[in-house]
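> One structure is given below, represented as structure tokens, and several questions about it will come after.
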Amino acid sequence: MSTLWKCILGPALYSSYKEVGPYATTVYRPNTAEVVGELIVKSVSLLVTLVKYVTIGLSPFFVSYLRRNGYFSKEGMLFLAKYSAGFAVLYCSAVFVRGFGRFLNRDYLQFRSVLDNARRSPEAKAQLAKYDFDFRGWEVDFNVTCVSPGEKTTMPKFENNRPVSWTEIPLWYLTQAIAVFVGRPLLYPGSLGLLNSAMSQALSAGRYSLISKYNAKRFKLSTWRGNHVDSIFVDARRNGKPHGDYLVVCC
């Protein structure tokens, strides 16, 4: 039962690297239950994301539409609650079906065992680097808040822009909504789930190319505010090339 629960909540597995070199990758082949469950989960997640952005972007028109059509009445709220409950049941059922399919897949069970060993023992994390899976399941390799006091670090200062009076509260919530739903996607396109889903295969192929050709290492970094950064490090110093002594940062 514990293994089944881990498969339900576990990260998605994309491929595995048997060895470093050409044609060394093996694409993970999900079974039918995983494919069907994943399709439903992504469809519901896409619908929820679209509704969220439409609601935030067109909130005055959206609220006016709901009010004119009687959705704020008792019957209207009951109608919305039924549809929301139906989508919730569909989503939870799809997650369970996908997890049960993973439970029946020997390749995923092997990956799940490696992931559990890597979380218990840092020495076993080298085996985890042979798999390409969902970044959300990756353990944090470096947390800037855990830096020892002896090291030179500068913590950024964040201004407290919270409202000081009741009249500023509506404007404050509006600016926060714009910053989260408009500003953050513009500054960090990788925060958009739709973009990540569309570019997932290209990103996976790029990671494999760096790992197989240059023996790159993947790390998960945690910032001051708890945001996570997916990073790839290539150490060119071992190749004896002169440019290996320079740090190059690419985004």
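Along the chain as shown, the residues are counted starting at 1.
Positions of Cβ are set from backbone N, Cα and C atoms, glycine also.
What you are looking at is a predicted structure, and each value in this text was computed from that prediction instead of being measured.
Below, the features straight out of TrEMBL:
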type     : residues : note
DOMAIN   : 3-134    : domain 'Phosphatidylserine Lipase ABHD16 N-terminal'
TRANSMEM : 44-66    : transmembrane segment
TRANSMEM : 78-97    : transmembrane segment
> Let me know the model's mean pLDDT on the domain 'Phosphatidylserine Lipase ABHD16 N-terminal' (3-134).
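Here the predicted model's pLDDT, averaged over the domain 'Phosphatidylserine Lipase ABHD16 N-terminal' (3-134), is 83.
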> For the domain 'Phosphatidylserine Lipase ABHD16 N-terminal' (3-134), jot down how many residues DSSP puts in helix, in strand and in coil.
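Per-class counts: 95 helix, 11 strand, 26 coil.
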